[in-house]
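Inspection log for the structure reproduced underneath, given as structure tokens.
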Amino acid sequence: MASEGEPGCRCCAQDAPDVPKATEPRGDIDGPRRGSLCDRHCAINNVHGDLGDLGCHLHRPRVPPALCSPSCCQQHSDEVCESCVVKTTLTAENVVEANKLSNNYKFGFKKWKSHVTARPWEDRSEIVKELYSDLNVIRGSGGSTVTCGNVLYLLLFGWWLSLLYILVAAMMFITVVGAPYGQLCWDLAGYFLWPFGKVIQKVEVPRSRQALGACEAGTEASSKGESSALLGGPVPSRWRPRCWVNTGYWHRAGTTAWLCLAYPVLALAHGLVCVTAWLLVVLIPVAKLSARTLTRVLLLLPEPVLIRRLKMVEVPLEGEVVLCCYRAVNPYYYKYAVDGINVFAVNLLPLVLVTLVLGYVDSHNRLTSSSIKFTLALLSIMPLSYYIGMAIASISAQSNFAVGAVVNATFGSITELTFYITALIKGSREGNRCYAEIVKSALTGTLVGCVLFIPGLCMVIGGIRHQEQRFNSRSAGVSSALLFLSVGGVFAPTLFSKVYGKLVCGECHNVTQNPLGHYLCHNCHFDLMENNGTLYYSHVQPLVYTVSLLLPAAYLIGLFFTLKTHSHIYDIHISDCHMPGHHHSAVVHWSRWRALVILLLSTLCMSACADLATEHISPILTNSTISQYFIGVTVLAMVPELPEIVNGIQFALQNNLSLSIEIGNCIAVQVCMLQIPILVLFTIFYPTNFTLVFSDLHVYASMFSVVLMNYTFMDGKCDYFQGTVLVMVYFILLAVYFFAPSPSGC
């Protein structure tokens, strides 16, 4: 994304690794490069017709027209030249990516960092290219192969894989007909003990007498000390081609013995290595090594397989390179994606299946306890939230504005609403008010976390790389105004009940033994049901319904203001044009129908996981010594928002703090203006214990957080110190919730 500390126009393709660069791709990140005003004007005019002038949260100081180049001002008027300076152009690889970028800057749309289309290979850095390369490319070793990662491979996998191959080799030698495969396993035992800097090659081996003569000639040549410039010395005897009698009967018998006796054992071992290394992410090269061995090396005939140690790479190897590995660990594999899905989301997907099977098959907790099932259900929400976000971004980027708005409004808060509604239903069935209090705590925790923790954390992490970060204070002011309005509306029934409700206490004790002295009371609350609930049903409930109608209306007005009438407050322009020599068609990861199916399936799985979480949360609430307030504002509130937190951090690292702030603000606004009114509407059709009356702690924490956030964002710039203040205040509030007594009724 675009950086924000420099004045004037600048194409964001020079700043962000997720947009194409004009230079040749390199491993490092090129610094910013300024083009002429005419070039930037042409880039603005070269935009796709249906994109138009789009909103942005990036702030650029206005450059005086006097700074315009003479050539630009001769061809264009001062107004055109000045508009060129004010606008900032973000360049995307294709129209779909341009739509996704524009949706990121639209209020109410989900902010998504990952690409929804396949990136052009030439636009990627050498580091990323290495992640997707096959293990059959010979290159410079770049130093010694004795590294910490390679030693870790030896300790985790190398020693027992080598021992297993030795045992399999002995077994194949005993069968006699499998002796060629026994020799292959013997050679592979040495290879898998330390595969780094070695190559497995498939060479052409002559048949019958020619093969025997070739083998004899090769043996004679080796005995004379023949060396190769590639190998740098004589070829060891164990790396010479094996010369076995290859008659039809012996060949078929040996292959049968290999496939029946040895291959299943080795396949199981390599499968275990592959799964373990893949789950560890940084060891994915080892997973590729095992997968290629399983699907290619072990299915080759033993005669043409040759294993060599590489010393020099000036002379290319003769024959096909099947496997070549230099290091076992690559820390950059956190960027790895499968069909556009991040590797961590792929690894967590089996967790969803395990959770659903355990939750619905082991309903009597014979295999696992309720606490384990609750933890698994809560962790399963994270990958499902990622898939829902990816599906929403894919559908919005490939559709028009109306479809994107409907999808974002319908499924944008589906993760939180699913859990809240299932919890309220369970509390209503059991007659337990504690579930309603947990939902209120989760709502407050989401609001406070998105206002304080997400922006503060992004400021801290982004401030480590960038000394000072700037953002569009006017666009942030729109979200702040909506937050003030929404918080005031949500807590209006609570303030009304405090003023007109009757304070009722469970028990009171006279601490001074004087009838006129001080009394110590416990379990006090404002009773709204006095006189058969006249206060609640005649005054509080109508106020709740009124607020629940006004808040969504205010949200729609905010959408109309930011997306239609005042979109100019976002000084951004997104173009799908390319640099010279870059012309690519959009290859989407997920088509609209595929994204829709994944969205619906993820929503169903989310509902099932939310149902399991609420089903098994009861023992935690009753047996835990931690306040239910704390469980609601931390675990239940912030775990579903982890994908959004990751997106915000990635935007902040690219010096695009505007989107990091908007991620938190949009979620907080949606909590107050969409989620709470939907819950109120749900209670009309399905009566529950949920009332829009919060505890004093929720009211004070929410209002203080919104005021502090607005004070921090006034000047349009921030650093890591201001982010630290927001994070520290958030942790102070968590400490208050931790030591607070449990709500009444729990």
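Each position is counted from 1, following the chain as shown.
Using the three backbone atoms N, Cα and C, a Cβ is placed for every residue, glycine included.
Of the candidate ranges 304-326, 442-464, TrEMBL annotates residues 442-464 with the feature transmembrane segment. Sequence-distant residue pairs (6 or more apart) of the transmembrane segment (442-464) and the transmembrane segment (720-740) include at least 3 whose Cβ atoms are under 8 Å, placing the two stretches in contact. 372-389 is the stretch from 261-286, 341-360, 372-389 with the greatest number of Cβ pairs below 8 Å to the transmembrane segment (401-422).
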